[in-house]
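Heads up: the structure comes next, in structure tokens.
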Amino acid sequence: MAEPLIIVNLKAYAEGMGEGAGIIAAAAEEIGEESGVTIGVAPAYTDLHPIAMHYAVPVYAQHIDGVAPGAYTGHVTAEQVRAAGAFGTLINHSERRLTLAAIEASCAAARKSDLQTVICTNNAATTAAAAALSPDYVAIEPPELIGSGVSVSKADPGIIERSVMAAKNVNPGVRVLTGAGISTGECVRIALELGTDGVLLASGVVKAKDPAAVLRDLVSLI
Ligand code: G3P
């Protein structure tokens, strides 16, 4: 297994913007260095550049549009987020769903700009389709568990196993993350035992009183 990856999606949470984004990124940097686990953050676009400049963590955009630079008002291109310091990008997050054609276009644009690609999916079938596009990662997140505080690792381990199998059958080289309700080291340990390469999470860290303590717990059983 490759080195585990934890990505903290700051979404549009008030606690995860501006100063809050900096606090979480600083904790990710410190605990990542202590533990040897890679902990990335996916801030809002408005925080992408300062976070990438000030903290030694991989920074991900939450979405990119699959268009080349040009006359596209309100779009965000791979070139723009790369220039702002992004290391990678989420694509097709459950809260930012795309058509299959748009996923393919975003993935191609990201690759062209040397961004690591994480395509989010909601079940084994869409995981297989995403894996066929050869992203760096697919991230399976059952939508009903997102933000629920109920961990996918415990509530639906079967979907993780089926998705890992579906992804690897289509593309043995693709790495798999899982997410939804992840908040403890035990959730992470189970996800890794089920064959994933890491987790994608949000509220468990972003809304915590002490995000650093949660991150420390997340890496504690790896
Ligand atoms: O992108 C992470 C995500 O959708 C899971 O959210 O709050 O359940 O960890 P959460």
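Here the Cβ of each residue, glycine as well, is placed from N, Cα and C on the backbone.
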- Task: Please state which member of Ile39, Ile140, Ile146, Ile159 TrEMBL lists alongside Asn9, Leu10, Lys11, Gly181, Ala202, Ser203 for binding substrate.
- Result: Ile146
- Looking at substrate and its recorded binding residues Asn9, Leu10, Lys11, Ile146, Gly181, Ala202, Ser203, figure out the farthest C-alpha pair and report it in angstrom, whole number. 14
- Message: For a quick check of packing: other C-beta atoms within 10 Å of the C-beta of Ser203 (substrate binding site), how many?
- Response: 20
- Item | Among Leu10, Lys11, Ala202, the binding-site residues whose C-beta sits under 6 Å from ligand 1 | Ala202
- Three-state secondary structure of Asn9 (substrate binding site) from DSSP? strand
- Query: Which state, by DSSP, holds Ser203 (substrate binding site): helix, strand or coil?
  - Reply: helix
- Query: Do any residues at least six apart in sequence from Lys11 (substrate binding site), in the same chain, have a Cβ closer than 8 Å to its Cβ, and if so which, in order?
  - Reply: Ala44, Gln62, Glu95, Ala202, Val206
